[in-house]
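Undergrad: There's a structure below that I have some questions on.
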Amino acid sequence: MTDDMLQDIWGQARAELQKSVGANNYTTWIEPLRLTRLDDSEAGFATPTRFMSNWVSRHYSDTIRTELARAGQAVERVTFEVQPAGSPKVATAPEAPAAEADAPASPAVLRGEDDLAAPLDNRFTFNNFIVGKPNELAHAAARRVAEGGPVTFNPLFLYGGVGLGKTHLMHAIAREYQASHPEARVLYLSAEQFMYRFVQALRERTIMDFKELFRTVSVLMVDDVQFIAGKDSTQEEFFHTFNALVDQGKQIIISADRAPGEIKDLEERIKSRLSCGLIVDLHPTDYELRLGILQAKTEAFRVMYPNLEIAPEVLEFLARRITSNVRVLEGALQRLLAHASLLGCKITLDLTQSCLGDILRSSDRKLTIEEIQRKVAEHYNIRLADLVGPKRVRTVARPRQVAMYLAKQLTARSLPEIGRRFGGRDHTTIMHGVRKIEELKSDDRQIAEDVELLRRLLEA
Ligand SMILES: Nc1ncnc2c1ncn2[C@@H]1O[C@H](COP(=O)(O)OP(=O)(O)OP(=O)(O)O)[C@@H](O)[C@H]1O
């Protein structure tokens, strides 16, 4: 069978799977699969990690077989084989650092109930969670709960924007708690899975088992609770489960993308219950935290890229420019490393800009060159007209170069574009200005401080 035919059959089956497993499960577990072999007895898939192979094999084999049969290709079994990053078959699939990706999948947390709990991602531990001002409170609260002392705040409610580390902290808590309380029944699952299991129990008339199971856990962790908003009977069941556990003094940990009071279509009584414990917010990252995360991730990637050389200014550049969320930051670093290793070249700022153009453009904070010029003129107490005009005296020329440097660092504008905004100067003049400040920054403390201060003011 040709590759086109394979992909055609898989395309049809995937479209159906998307409907049957739900959007989130589809993106996480089905989308990264690639059909590589197909005959009457077997469908062989490539997956990016062993972790994914195990999970998909356990949970989706039957559904995949059903959909393949519907697409006209019945098989006796489906198999999954790891094809790590770099392999042409799964080159675009997300990849974890090799050592971690190859580690065996964590057991589902709730012992003996593998089907119910979600597996823990081996990468999400306290050890590799980088702490900074924006997340220190959430981290401290998570640590406290993970120690498992007397329940002092119930629930612990963690919230924050997309990709800021909520799931990472939840997994870290579950792992740590389970390690120090091997007999405890820690149940971690997403709100979507809670709903799915609840509906399944209703359908299969096993609701009493469902209730029993949820009411006998030692720690209940529900991720992305906003998902149950607007789903009346799931909310109702969640509410009763929640109350039963709190009454028994069991710890509950919840995460969401916003504070309880701000979740639309969530019943008032649930909002109020969720607000009873400690509510902590993961704030958007700041520059220092992003840089720390990049440095740590770069170290972690050394396993995969032993010859990796990445200049500190590249990491600084990424930390400055990609402010949206940590997942995007991580993805950018991963892509950059893969790109440089494939081409066998050094990671320079130029390579970074060309390789990550799309991410940089979409993360562009829309800071304008005019704003930069105004701030610089104000800082050095010179007129804006002089900053962009022809005067060559040092008191004006140096601030102009600082403004050029900041325009290059903080915006996605090209050198010719920057040149046009600086009174129609040539791009080589801008390049000279940028390089001059780069050099001066390491020798001249005053310039380094000015640039840093201005950057902070502009990024604030
Ligand atoms: N402080 C941190 N240190 C190290 N890695 C982090 C940190 N914060 C986030 N990450 C990484 O960023 C990625 C996204 O984090 P995570 O999935 O926990 O986000 P989330 O807040 O649950 O997002 P979502 O709202 O999409 O569910 C993960 O790979 C995680 O390891």
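Cβ from N, Cα, C; glycine included.
According to TrEMBL:
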REGION    1-93  region 'Domain I, interacts with DnaA modulators'
REGION    83-107  region 'Disordered'
COMPBIAS  91-107  compositional bias 'Low complexity'
DOMAIN    152-285  domain 'AAA+ ATPase'
BINDING   Gly163, Gly165, Lys166, Thr167  ATP binding site
REGION    341-460  region 'Domain IV, binds dsDNA'
DOMAIN    368-437  domain 'Chromosomal replication initiator DnaA C-terminal'
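Mind mapping these onto the model and telling me what they sit next to?
TA: Mean model confidence of the region 'Domain I, interacts with DnaA modulators' (1-93) amounts to 78 (pLDDT, 0 to 100 scale).
With DSSP classes pooled into helix, strand and coil, the tally for the domain 'AAA+ ATPase' (152-285) is 67 helix, 26 strand, 41 coil.
Its own atom aside, the Cβ of Gly165 (ATP binding site) has 27 Cβ atoms within 10 angstroms in the protein chains shown.
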Undergrad: Using Cβ-Cβ distances, find the residues under 8 Å from Lys166 (ATP binding site) that belong to the same chain and are at least 6 apart in sequence, listing them in sequence order.
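TA: Listed in sequence order: Leu158, Tyr159, Gly160, Asp223, Asp224, Ser255, Ala256, Leu282.
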Undergrad: Which number gives the other C-beta atoms within 10 angstroms of the C-beta of Thr167 (ATP binding site), all protein chains shown included?
TA: 19
Undergrad: For Gly163 (ATP binding site), what residues in its own chain, 6 or more apart in sequence, show a Cβ-Cβ distance under 8 Å?
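TA: The answer is Ser324, Asn325, Val326, Arg327, Val328.
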Undergrad: What are the DSSP helix, strand and coil residue counts for the region 'Domain IV, binds dsDNA' (341-460)?
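TA: Its residues fall into 90 helix, 1 strand, 29 coil.
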